[in-house]
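Visitor: This is the structure, below, for whatever I ask next.
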Amino acid sequence: MTKQVEIFTDGSCLGNPGPGGYGVVLRYKQVEKTLAQGYRLTTNNRMEMMATIVALQALKEPCNVILTTDSQYVRQGITQWIHNWKKRGWKTADKKPVKNADLWQALDKETTRHTIDWRWVKGHAGHRENEMCDELARAAAENPTLDDTGYQPAE
């Protein structure tokens, strides 16, 4: 029987771009696990995406996932926009390269392993797990240890 897992994610950036971090809460039955990491220079959207990728990668087998994010960018990107991006060879409707294509491709790969119900929650609205993720992400952003090698400054 496929495991039912709940995932909550958030990304944070101190400046955009700037130091950033992600926070994740994974829940299986009554057990919760948290993940967080900070990056020296990145963007908020990249951290929101990184949170979902890392969370899905942490699952050792295919699962039924309820994934809750406060990022419409992530939720709409993976459920709506990505289909046309892939058809166009990772280009937008106006023929420009898709921003954060490295992470969209990684997220797309992870989503094929699982059955995912993508949910959105308003950030900073008292949602327990979202607040936990926000605190984890902020703390990670305040103490960044990694380089976001895929980050490309806007021109």
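Counting starts with 1 at the first residue shown.
Using N, Cα and C of the backbone, Cβ positions are placed for all residues, glycine too.
In case it helps, Swiss-Prot gives these features for our protein:
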- 1-142: domain 'RNase H type-1' (DOMAIN)
- Asp10, Glu48, Asp70: Mg(2+) 1 binding site (BINDING)
- Asp10, Asp134: Mg(2+) 2 binding site (BINDING)
Visitor: Would you mind pulling the DSSP three-state label for Asp70 (Mg(2+) 1 binding site)?
Guide: coil
Visitor: Other than Asp10, Glu48, Asp70, which residues of the same chain sit close to Mg(2+) 1? List them in sequence order, counting a residue when its Cβ is within 8 Å of the Cβ centroid of the site.
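Guide: What remains near the Cβ centre is Thr9, Gly11, Ser12, Met47, Ala51, Thr69, Ser71, Val74, Gly123, Asn130, Cys133, Asp134, Ala137.
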Visitor: On average, what pLDDT score does this prediction assign to the domain 'RNase H type-1' (1-142)?
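Guide: Mean pLDDT for the domain 'RNase H type-1' (1-142): 97.
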Visitor: Non-local Cβ contacts of Asp70 (Mg(2+) 1 binding site) (under 8 Å, 6 or more apart, same chain)?
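Guide: Those within reach of Asp70 (Mg(2+) 1 binding site), by Cβ under 8 Å and sequence separation of 6 or more, are Asp10, Trp120, Val121, Lys122, Gly123, His127, Asn130.
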Visitor: Between Glu48 (Mg(2+) 1 binding site) and Asp134 (Mg(2+) 2 binding site), what C-alpha distance do you get in Å?
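Guide: It is 10 Å, counting Cα to Cα.
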Visitor: Got a sec? Which of these binding-site residues, Asp10, Glu48, Asp134, has the most Cβ atoms within 10 Å?
Guide: Asp10
Visitor: Through the lens of DSSP with three states only, how would you label Glu48 (Mg(2+) 1 binding site)?
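Guide: In three-state terms, Glu48 (Mg(2+) 1 binding site) counts as helix.
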